[in-house]
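Beneath this line is the structure, given in structure tokens, with notes to follow.
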Amino acid sequence: METYILSLDQGTTSSRAILFNKEGKIVHSAQKEFTQYFPHPGWVEHNANEIWGSVLAVIASVISESGISASQIAGIGITNQRETTVVWDKDTGSPVYNAIVWQSRQTSGICEELREKGYNDKFREKTGLLIDPYFSGTKVKWILDNVEGAREKAEKGELLFGTIDTWLIWKMSGGKAHVTDYSNASRTLMFNIYDLKWDDELLDILGVPKSMLPEVKPSSHVYAETVDYHFFGKNIPIAGAAGDQQSALFGQACFEEGMGKNTYGTGCFMLMNTGEKAIKSEHGLLTTIAWGIDGKVNYALEGSIFVAGSAIQWLRDGLRMFQDSSLSESYAEKVDSTDGVYVVPAFVGLGTPYWDSDVRGSVFGLTRGTTKEHFIRATLESLAYQTKDVLDAMEADSNISLKTLRVDGGAVKNNFLMQFQGDLLNVPVERPEINETTALGAAYLAGIAVGFWKDRSEIANQWNLDKRFEPELEEEKRNELYKGWQKAVKAAMAFK
């Protein structure tokens, strides 16, 4: 009887279940969206029970539609939207408040206060992160400070905290396992990435009782088994977990030091594996844990680009330049260049390496000769320029030159963008056959833990190339184009 690994990809707008076979190929998948709540401007929340319901629904869909039985699932891997925070009652299992999503800015006042008290360097030294509403620590503090009775219950040991992986493992195991993995713990602003434990001093500053926190385990590990009443009468090992970007790095088989991947989604997330050493960034990058496996922890440098695919959506929905995003490629290829036009898509500020939340989107170099095609091409090129900003910061911090860039996400179907990316970086860009690398990474982590796959070398052999984009641009032209981008960013930042 053939067996499979079930990967649960719990994202910001939907939950997906994907069944993988021994060759790392997709057998079946299901997806279900859930509600986004915006109680105030800048706030983003989810209903944690609704997320759980969506996960159960996609698992049921995959099992019933694929025709396999639950006994054929060798293990379950989880990958999740990172930083999103759930606090729930240990006895009843009910969340005390909505899940506060990674995008939500509702803790900006808390962050401002912590920065004013001079804590930024302390958090950075221990966690590799900045004090920012993005991360979980201030979200937990906000819930304890703002939900009636929450702090008292937390101090009595009655409340639990978890990122989405922790919440799902707790629910799937019937409340038996309160755990997280190293990659998710490293995004909380409460975990010391050098000592590999929750940091008492940081917990004290944030006012978060240690009793709320999950046990931190390797990313490839049998955490618990599912309770049978949710899983068709079977106890299935829950055996792997990683935050979505780290999971994509694993799914792209970036196992060696200096290997990197860029995910082109709503924004871009670029990660470079730095091996067993954590590199402290001097250039606006985050230092994070890639995964913990085989008794060792791998670290990564991470750069965040806030606007990527959403810039293409803006051309489609806001400016109505085309009806389907896939048409952006053919429009861009109708012209030889942007004719000097630069689009800086800073709709919500700029991320790595600038970290400027006040700058706004700008367009430079317009003339009477500028056409729709020039504008579309310039917007697509902005994704590649921002990626170069991040890669330059990574190479400066690590003294490692990237040999190839592996790519995934929705925008990688755009051949024009991928070729321009390779040209600009002067590095080959590799697009894999399977674009679902985030879900695949979680499947691999679970599969290794249950012996479905032997080790990372077996997985590396499964990585198959769809297309390699070799750089073709002359150095002089590349430098000239990038200098124009740098001028445009500088001008955009000056205009506030």
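Just so it is clear, glycine is given a Cβ too, placed from its N, Cα and C backbone atoms.
The DSSP secondary structure for ASN414 (ADP binding site) is coil. Cβ neighbours within 10 Å of ASN414 (ADP binding site), excluding its own Cβ and spanning all shown chains: 21. Here Swiss-Prot flags THR12, ARG16, THR266, GLY309, GLY410, ASN414 as ADP binding site, drawing on sequence analysis.
Taken from Swiss-Prot, the feature ATP binding site applies to THR12, THR13, SER14, THR266, GLY309, GLN313, GLY410, supported by sequence analysis. A helical conformation is recorded for GLY309 (ADP binding site) in the three-state DSSP classification.
DSSP assigns TYR134 (sn-glycerol 3-phosphate binding site) to coil in the three-state reduction, placing it in neither a helix nor a strand. Residues or ranges marked as sn-glycerol 3-phosphate binding site by Swiss-Prot: THR12, ARG82, GLU83, TYR134, ASP244.
Listed in sequence order, ASP9, GLY11, THR79, ASN80, GLN81, ARG82, THR438 are the same-chain residues six or more apart from ASP244 (sn-glycerol 3-phosphate binding site) with CB atoms under 8 A from its CB. The DSSP secondary structure for ASP244 (sn-glycerol 3-phosphate binding site) is helix. What Swiss-Prot records for ARG82, GLU83, TYR134, ASP244, GLN245 is glycerol binding site, and it gives sequence analysis as the kind of evidence.
Feature annotation from Swiss-Prot assigns phosphohistidine to HIS230.
The glycerol site is defined by ARG82, GLU83, TYR134, ASP244, GLN245, and by the 8 Å test on Cβ atoms against their centroid, the other residues of the chain that qualify are GLN81, THR84, TRP102, ARG187, GLY243, PHE269. A simple way to gauge crowding: the CB of GLY309 (ADP binding site) has 18 other CB atoms within 10 angstroms, across all the protein chains here. Separating the Cα atoms of GLY309 (ADP binding site) and THR13 (ATP binding site) is a whole-number distance of 15 Å. Inclusion criterion for the binding-site residues THR12, ARG16, GLU83, GLN245, THR266, GLY410: a C-alpha placed within 10 angstroms of the C-alpha of GLN313 (ATP binding site); this criterion is met by THR266. ARG16 (ADP binding site) carries a strand DSSP state (E or B). Non-local neighbourhood of GLU83 (sn-glycerol 3-phosphate binding site): TRP102, TYR134, PHE135, SER136, LYS139, THR163, ARG187, THR188, each in the same chain, at least six residues away, with C-beta under 8 Å from its C-beta.
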